[in-house]
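Asker: Sending over a structure as structure tokens; questions will come in a sec.
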Amino acid sequence: MTASGLYLNLSIGSADAPILQVDTTIATRGITAIFGPSGSGKTTLLRCIAGLTRATSGNILFNGAVWQDQTQFLAPHKRPIGYVFQDANLFSHLTALGNLQFAIKRANNASANELLDKVVALLGLQSLLNRYPNQLSGGEKQRVAIARALLICPQLLLMDEPLASLDEQRKQEILPYLEALHEEFSTPILYVSHAMNEVARLADNMLVLNNGTVVAHGNLNQVLTDTQSPTAQGEDTCVVLNATVESKDTKWQLICARISNAQLWIKAPDHATAINQTLRVRILARDVSLSLSEHSDSTILNKLAATVISISDDTDSAMALVKLAVGSDTLLARITRKSAHHLALQPNMQLWAQVKSVAIVG
């Protein structure tokens, strides 16, 4: 147990039939994604942290302060948290501004009033302040709900699938606001999701739940490239890398960005990019093919010298997952077992990873 971080050692249910059993410490910085399939215990864990659900037994400490143990249970309103639910849960009789002012009163913090203008600008709420919730779209409601949670001046922000009730267009509208929130505020965020594209775009760290237990926890890419983790199975298997913009090819609308010791050609994004800017890129394992030699007569632009780390079984019995080292970075390739057999893949083998598609996610 450490004095810093969110320490969780809790269980719900009985010893014979546990619903949730967690023993870990979550870093109180950046965004930690709590990821897993439906029914894995994500929302239950978040509600325990918030005090909305009382764990059957165990301890919850936040930076050394006891929120729950054998003798005490801190009520939700006494925990320094903000909570954003799947549904915005705005007060229907108050305007957007009224909802924000309610949060400021609850905060009882002089800095909350000073924070109002910054939060309104950051989340693009200027034109919405005089509207009532029934006059707002789903995405607009969630932006107001996020602002309301921030104006409580929380030490920890909990977000329970805040985009789950939105259609794809609304999700794409709100994601840049969440990225801006991450950049502008130091408040640590626990972000519950079962959508890998959201996690890849937002998270610094990742905690994976399955059947009520923690099966992986750590830095985002460490978890994504752990071939024993559920995240490294199936069609969404991916890695997330930082790439530095080196040059632009305006003729072909491409940018060249560097990962550790290799270059990636990437379709230029709609927004402007600068030389030396760091981009977050996502590479799906299914978009990586392997070759024993470098092919120049191919439509694939990205051919990276790589070394095989391991070959693992996939949940699909016809597929295999190959873990690769590209300099100090790690890639995953999802190929057929027949292809792995044909190439006689072995650990430490040198080969070429051909990356069909690279997506900029941040």
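Glycine too: its Cβ is placed from the backbone N, Cα and C atoms.
Here's the feature list from Swiss-Prot:
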- GLY36, PRO37, SER38, GLY39, SER40, GLY41, LYS42, THR43: ATP binding site (BINDING)
- 1-236: domain 'ABC transporter' (DOMAIN)
- 297-362: domain 'Mop' (DOMAIN)
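I'd like these features described in context: how deep, what's nearby, how far apart.
Answerer: Around the Cβ of GLY36 (ATP binding site), 25 further Cβ atoms fall within 10 Å across all displayed protein chains. A coil conformation is recorded for GLY36 (ATP binding site) in the three-state DSSP classification, outside any helix or strand.
With helix defined as DSSP H, G or I and strand as E or B, the domain 'Mop' (297-362) counts 6 helix, 36 strand, 24 coil.
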Asker: In sequence order, what residues of the same chain, 6+ apart, have a Cβ less than 8 Å from the Cβ of SER38 (ATP binding site)?
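Answerer: Once residues fewer than 6 apart are set aside, SER38 (ATP binding site) is near HIS194.
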Asker: Under DSSP, is GLY41 (ATP binding site) part of a helix or a strand, or is it coil?
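Answerer: GLY41 (ATP binding site) sits in coil per DSSP, no helix or strand.
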Asker: Other residues with Cβ within 8 Å of the Cβ centroid of GLY36, PRO37, SER38, GLY39, SER40, GLY41, LYS42, THR43 at the ATP site?
Answerer: THR44, HIS194, LEU209, ASN210
